[in-house]
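Here Swiss-Prot flags G13, G14, G15, H16, A17, G18 as FAD binding site. The NAD(+) binding site annotation in Swiss-Prot covers 274-288 and rests on sequence analysis.
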Amino acid sequence: MLYPTEFDVIVVGGGHAGTEAALASARMGNKTLLLTHNIETLGQMSCNPSIGGIGKGHLVKEVDALGGAMAAATDEGGIQFRILNSSKGPAVRATRAQADRILYKAAIRHRLENQPNLWLFQQSVDDLMVEGDRVVGAVTQVGVRFRSRAVVLTAGTFLDGKIHVGLNNYTGGRAGDPAAVSLSARLKELKLPQGRLKTGTPPRIDGRTIDFSKLEEQPGDLDPIPVFSFLGRVEQHPRQVPCWVTHTNAQTHDIIRSGLDRSPMYTGVIEGVGPRYCPSIEDKIHRFASKESHQIFLEPEGLTTNEFYPNGISTSLPFDVQLELVRSMVGLEHAHILRPGYAIEYDYFDPRGLKASLETKAISGLFFAGQINGTTGYEEAAAQGLLAGINAGLYVQSKGPWCPRRDQAYLGVLVDDLVTRGVSEPYRMFTSRAEYRLSLREDNADMRLTEIGRELGVVDDVRWDAFSRKRDAVSRETERLRTTWVNPKTLSSEEATALLGKPIDHEYSLADLLRRPGVSYDGICGLREGTCGPDEALAHDDVLLAQIKEQIEIGVKYQGYIERQAGEIERNEAHENTRLPENLDYTEVRGLSFEARQKLTQFRPETIGQASRISGITPAAISLLMVHLKRGLGRRAPRPAGAGNDNSPVAQ
């Protein structure tokens with residue numbers, strides 16, 4: 001049957017990508033439907049019970065700055081918070097939290113069920129409704145047909161998923177959930193470029209059988225306890241608990257090696273490529289054969305369960321080997337496994353078949369987000385989901401897409417890497433992937449993105465008010481530091497020595513003093529000449545005050561480096577966003593090598609910037625392209641069948 005209500009946007013899948021996509025589209029005022037195979041698993045943490053980390057925490061902060069749910073849900077469900085790289089520079093500091101699975105999932109579901117313009121429906125999707133080169137809806141397992149103007153597909157590991165434990169395997173999207181076999185077959189019919197990837201998860205352990213007295217305790221940060229959302233409060237956190245650390249040993253490694261003849265990875269049963277930066281314990285032992293021990297973190301799954309997640313032993317070895325290797329580690333000698341670890345193979349679609357908006361090039365109105373694009377991780381999925389939801393919303397409103405730049409957000413780095421370089425293994429975000437990481441810090445994600453989010457319609461009044469107060473306070477106080485001067489007469493030798501280690505010998509601005517090593521903003525405020533009086537409205541908001549102080553201190557101390565990077569960005573921007581005609585005939589570009597013509601024709605970059613990052617495209621090739629465009633020779637090749645529309649301005 002055809003469902004009587006027509007929607008603007010349909011989101012397929014209720015994981016981290018799907019929930020952010022649905023919420024973003026609905027916040028923009030679009031009539032949005034979220035289709036999920038099981039409403040009880042909305043926002044489920046399928047693997048590790050944690051959010052954030054190096055690079056990943058940056059993405060979560062950006063999602064939050066754009067009004068997303070992940071950071072806020074983590075504040076409500078987080079049972080341990082830490083700042084990683086706290087002793088290093090601000091560019092690489094990152095927030096990480098352990099989350100109670102049940103509380104996190106409840107926080108996400110609460111937001112979905114209370115979001116205006118958003119409807120939920122429980123049914124697996126077996127088919128997409130496509131008319132010509134345009135998607136017009138989705139069909140569920142029992143034949144209910146939902147019409148829409150755009151569809152966001154966030155299928156996770158469910159597309160033709162196959163679960164492996166030893167040499168036993170069965171179809172599944174994750175343990176306990178069915179695979180989306182029919183939908184996968186339908187997507188293959190649409191001739192979208194497809195491949196197979198693999199990921200895995202460790203066995204879960206009953207905490208009652210762990211001897212914690214033999215383990216190293218790892219508490220979270222307590223002074224202060226971090227928050228994830230820019231609107232978060234420590235009071236939102238539930239009870240905080242520690243993690244625990246054990247190690248593999250020579251016996252563990254021997255056990256693993258003895259089981260490799262029954263490993264689906266080492267017997268050729270699994271064909272998909274696994275994540276390089278989250279390897280299975282089999283891979284670790286094989287790749288790092290000389291390493292005598294690997295650190296294993298025992299992470300609590302929640303406050304109302306005894307289940308522990310042993311981070312570091314993801315495996316698809318047979319269950320008897322899993323049990324033996326777990327019990328070979330200190331503190332786990334009598335451990336009981338509650339759930340076996342497993343590997344899962346699944347379909348993904350080459351992200352080079354996407355526009356930078358995450359819309360497929362072949363089918364108008366169809367957007368992909370999350371693991372379907374070859375990424376791994378909750379945070380990468382949430383960021384893509386948010387962007388796909390925003391751009392699906394803009395699409396149905398007949399507006400141009402928003403495609404964040406590499407110098408604007410880690411989200412821009414993520415998407416640009418995917419659509420220009422593709423993936424040969426599951427993609428994970430790191431700070432090292434961002435060439436402008438000093439400008440793309442966790443602390444300034446709101447300064448970079450919240451104003452854009454407000455214009456897009458995804459930032460509400462509460463967030464906008466808090467952001468505006470913070471932005472204005474940072475601006476006023478930074479200016480005061482630059483224009484307030486002290487000299488040997490106004491700054492006593494005692495104060496100067498206490499702050500700087502010696503008296504000053506001539507006039508300095510307070511900003512000059514703050515730039516000195518070891519001098520903090522609080523230290524400057526402790527001077528008689530440096531006393532600052534925060535707005536009365538901010539005086540009782542400790543979290544906002546801490547954010548303001550951090551922004552001021554980083555902005556002043558790193559001003560020279562930030563300005564230098566801004567200059568570099570400006571120079572590179574000259575041609576970064578110069579658009580290429582969608583169907584430019586690269587065989588007509590004089591001087592291009594055969595390889596360059598072949599790759600440009602295959603991947604069809606949208607901009608000069610994207611073209612420059614395709615493997616094998618040299619600076620000389622880019623120069624030839626620019627000359628071709630300036631001569632007005634950007635003639636279009638015959639339009640390929642099924643090509644989508646793109647209303648964005650192009651260089652002609």
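Backbone N, Cα and C atoms are what each Cβ position is placed from, and that goes for glycine too.
Fair warning: this is a prediction, and the values are worked out from it, not measured in the lab.
Taking each of the binding-site residues G13, H16, R276 in turn and counting other Cβ atoms within 10 Å of its Cβ gives the largest count for H16. For G18 (FAD binding site), the Cβ neighbour count at a 10 Å cut-off comes to 30, with all displayed protein chains included. Under 8 Å, Cβ to Cβ, and six or more positions away along its own chain, S280 (NAD(+) binding site) finds G200, M265, G274, S314, T315, S316, A343. Taking R276, C278, K284, H286, F288 as the binding-site residues under consideration, the smallest Cα distance to G15 (FAD binding site) is found for C278. Closest to K284 (NAD(+) binding site) in space, going by CA atoms and restricting to the binding-site residues G13, G14, H16, G18, is H16. Note: the Cα of H286 (NAD(+) binding site) and the Cα of G14 (FAD binding site) are spaced 36 Å from each other. There are 19 other Cβ atoms within 10 Å of the Cβ belonging to K284 (NAD(+) binding site).
With every protein chain in view, the residue among the binding-site residues G15, G274 whose Cβ has the most Cβ partners within 10 Å turns out to be G15. Separating the Cα atoms of F288 (NAD(+) binding site) and G14 (FAD binding site) is a whole-number distance of 37 Å. Sequence-distant neighbours of G14 (FAD binding site) (same chain, 6+ residues apart, CB-CB distance under 8 A): A22, L34, T36, N38, I39, T41, L42, G43, L112. Each residue in V11, T19, E20, A21, T36, G43, T154, G156, G370, A381, G385 lies on the same chain as G13, G14, G15, H16, A17, G18 and has a C-beta within 8 Å of the C-beta centroid of that FAD site, without being one of the site residues. Ranking the binding-site residues A17, H286, F288 by how many other Cβ atoms lie within 10 angstroms of each Cβ puts F288 at the bottom. Summarising the environment of E282 (NAD(+) binding site), the number of other Cβ atoms within 10 Å of its Cβ, over all protein chains shown, is 26. Taking Cβ-Cβ distances under 8 Å and a sequence separation of 6 or more, the neighbours of C278 (NAD(+) binding site) in its chain are T199, S314, T376, P426, R428.
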